Amino acid sequence: MVDMLMLLVGEAMAPLLTRLYYNSGGNSLWMVTLAQSAGAPLLVIPFLLTPRAAAVGEPRPAPAPSKMVAICVALGLVVGCDNLMYSYAMLYLPVSTFSLLAATQLAFNAVTSRLINAQRFTPLVVNSVVVLTFSAALLGVDDPSSSSSVSGGAGGDAVQRGKHAAGVVLTLSASAVYALILSLFEATFDKVIGAATPRWVLKMQISTNAVAATVSATALFASGEWRTIGGEMAAFKGGKAAYAATVVGVAVGWQAATLGAVRLIARVSSLFANVTGTLALPMVPVLAVALFGDKMTGTKVVAMLMAVWGFLSYVYQHYLDGRRAAAREGRVHAAAGCGICTDQMNYS
């Protein structure tokens, strides 16, 4: 429950604060990208306080350090690219549209879980994938002028439509990459590490985000955007303190969401982590309407209902899987009990 709460709060908090950053005068894409991973040092304290798990059964050899370094660097680079796509997407789209489109990561994760983690497809899973795909398609053809939280900017409606289309493509691409990241984390825990202890979860989270933050910080300085940060802070609505609080809030929100997701991957599966994250779906558009004046158009309402339908299909599939697992476990216990009784009768 704690892991699920971290994921839900982070999933709702981070996009809203990112939109607040853009609306209040922030315009550094690399700063937003850096903030998505820069909160990794916050996890060092819980990592140091987490005891090592006691070995159960036959101890498995620790993975080679060189292999783990290569995995963490590769995953960190992918995470950094994914963060950049999310930064652009949240700049071009109202947060309500962004959050609804991001729900398609559930459909993408069904595919990656099947290909990488050997998750099985069922009619309910296929139904969810189809419904979420149509939900994204509805938002892709929605009129961008229906939102008031993203200004049209220079060039008028044509430029705004182009930015809207780019935002849709970037959100879908980032969602697909995020689904791939979750499946790769699950595969790393299952096939490379062989254990999903709390220390390994924190170690993977810190290492991959440190790589992503390093890449983002390097790009921030290489692009020259760092020279504009001082002026951006001074012009930010609410002043420098509000600027710092917003960026820190973005960092904390993304770390909470990612840590909750990785812990759920370790405890259950990447698919379950994605299903849990989709629970935040109805919250963000409603909060966006209240906080930023996004218009809840009929298209968005239909897309939200379709996304919730897709989510409920996944939930019901998990319920059926749980019942089957419980029934199998009951049969095993019953067979074991019959075997014991037979042995006692034979002994008598």
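Here the Cβ of each residue, glycine as well, is placed from N, Cα and C on the backbone.
These figures come from a predicted structure and were not determined experimentally.
The feature transmembrane segment is assigned by TrEMBL to 29-49, 69-86, 92-112, 124-141, 165-185, 206-222, 242-264, 271-292, 298-316.
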Contact call for the transmembrane segment (69-86) and the transmembrane segment (298-316): at least 3 Cβ pairs under 8 Å, seq gap 6+: no
Positions on the same chain near the transmembrane segment (206-222), where near means CB under 8 A and six or more residues out: 28, 30-31, 33-34, 36-41, 43-44, 47, 68, 72-73, 75-77, 79-80, 83-84, 255, 258
Criterion met for the transmembrane segment (298-316) and the transmembrane segment (29-49) (at least three Cβ pairs under 8 Å): no
